[in-house]
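Notes follow the structure.
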Amino acid sequence: MEANPTIMSTCKVVAGGNHAVKNLLGANDSTTTTTTLGHHLAKRLVEIGIKDVFAVPGDSNLTLLDCFVAEPRLNLVGCCNELNAGYATDGYARCNGVGACVVTFTVGGLSILNAIAGAYSEDLPIICIVGAPNSNDFGSNKILHHTIGLQDFSQELQCFKAITCHQAVVNNLDDAHERIDSAIAIALRESKPVYISICCNLASIPHPSFIKEPIPFCLTPRLTNKKCLEIAVEATAEFLNKAVKPVMVGGPRLRAAKACDAFMEMADTSGYPIAILPSAKGLVQENHPKFIGTFWGVASTSYCAEIVESADAYLFAGPIFDDVTPVEWKKGKAIIVQPNRVVITNGLTFGCILMKDFFKALAKRLKCNTTAFENYQRMHIPDGLAIHSNPNEALRVNVLFRHIQRMLSSDMTVIVETGDSWFHCQKLKLPRGCGYESQLHYASIGWSVGASLGYAQAAPEKRVIACIGDGSFQVAAQEVSTILRCGHNSIIFLINNGGYSTEVEIHDGPYNVIKNWNYTGLVETIDNGEGKCWTAKVHNEEELIEAVDTAMESKKHCLCFIEVIVHRDDTSKELLLWGTKFAALNGRPPKDN
């Protein structure tokens, strides 16, 4: 059965009663000396695996930031604005498993909301910490600065309630330890963001509940109900073993369930073809012999949709079905496995079953069936490579991505911005170990700039390749400053086609044209002569080849920013089809009453 997120450390501190408190207050042992709320929080972040915290300073979080700076195992990364700090934390959590950010009250909290909402949609555990007003101001009926001018300044908390799974307001020291530890525990258990508000006058005050070396943070884990597991596995195995052409489709919640390896182990034994929803790219090994590509309606990989849609049984692992990823499948023929429950084809639902436990048990019960994959092999024709451009011919986007494909290796990660890069990058064949991240469901433009910073900070051994459209870049360009300050050697391909190409294919208008910037000049200006970047502006394939060679060789230790000039109408066929379908969805007339 599911367990409550009890914090074992809190229980151990309380268990000693008054005697334990006296010992804490009177002991000379350095391991039991009392410390402050801020230092306790910093140590807890280190304990759950966080090494970098993304922050924007403000008057109500400065003392708390001092505590973080004083923790030698934490690195404070100052960002240009709160939105980008949130995006960076998102990218960091994708790689590291959990992330944290610190902003100031209301003006900072409301600025970071959009990024935290995106992290919520992606099931990312993020500790969003906000420096709050002085504890004496709560209930005082004062009107404070950084608020909207009301005596009640709870608007920030109300906003965060919709986009976090838990909120902790710390305005006194007596229960601060419990509130902080509980919030962190819930973030990890639910794999969602949480909100922690800490009054600015409390962070540096010692308290008996905070000891210099706190009792180790310990979670009671979620557990699988063994009886439910047995019944669900029995029903699923019976259904799939009777099928003629079963398939497996991986979804984005494989990450939150930490079930990617268990999913692949089941693929090894079952013989089923493996497809992915587009939001799961990077979570499944694409070099697996049974991998057939992305299942995404009209934007599916060649022959993948035909195999999936013709199957007589599906196993969906952690899917999210929405209007961005419209797919056709027979609902009466599907097993849907979510992180903590299994839905059998007839609608019967079993809760309290961890996805990875379910896959490990199911793998032992499935008969090997390669029929659907053999059908795929018979019909599949490998995609042809794009033809070479003529000398000095204007560069085409498909030529650009052919060269990006050749750059990929196991020590790289591709960060994909919202837009046509979605469709081009779905076609990339990822080498084993090559990372891949996109924000498909929430689809906030500009996300990739901050996410590239956060991911690179979490995985310095990986080189990030970011594919960003010019419209998206204009939203978050200033965070290149932090990328340079942190010394990352990412490669940013800025695709300059003069506007919002995705919106053009949905519904065109003059609002889709943006002011052109000298993007390479902008990045050089931000570098300010420090020599931490190299830029190039390319117009044809010859210039692209030279730029890629330089980025991969002589400039491999610095940020490489390559601006790619392409025609406004140069888009993927998938975007054309997707845009037409989305326009039809948006344009549906209202129903008659």
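Cβ coordinates come from backbone N, Cα and C, glycine included.
TrEMBL does not curate its annotations; it predicts them automatically.
Here the structure is a predicted model, which means the values were calculated and not measured.
Per TrEMBL, the features are:
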DOMAIN    36-145  domain 'Thiamine pyrophosphate enzyme N-terminal TPP-binding'
DOMAIN    233-344  domain 'Thiamine pyrophosphate enzyme central'
DOMAIN    441-559  domain 'Thiamine pyrophosphate enzyme TPP-binding'
BINDING   Asp470, Asn497, Gly499  Mg(2+) binding site
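The residues near the Mg(2+) site, meaning same-chain residues not in Asp470, Asn497, Gly499 whose C-beta sits within 8 angstroms of the mean position of the site's C-beta atoms, are Gly469, Gly471, Ile495, Asn496, Gly498, Tyr500, Ser501, Ile514, Arg568, in sequence order.
For the binding-site residues Asp470, Asn497, Gly499, the ranking by surrounding Cβ atoms (within 10 Å, all protein chains) places Asp470 first.
Within the model, the domain 'Thiamine pyrophosphate enzyme TPP-binding' (441-559) shows a mean pLDDT value of 96, rounded to a whole number.
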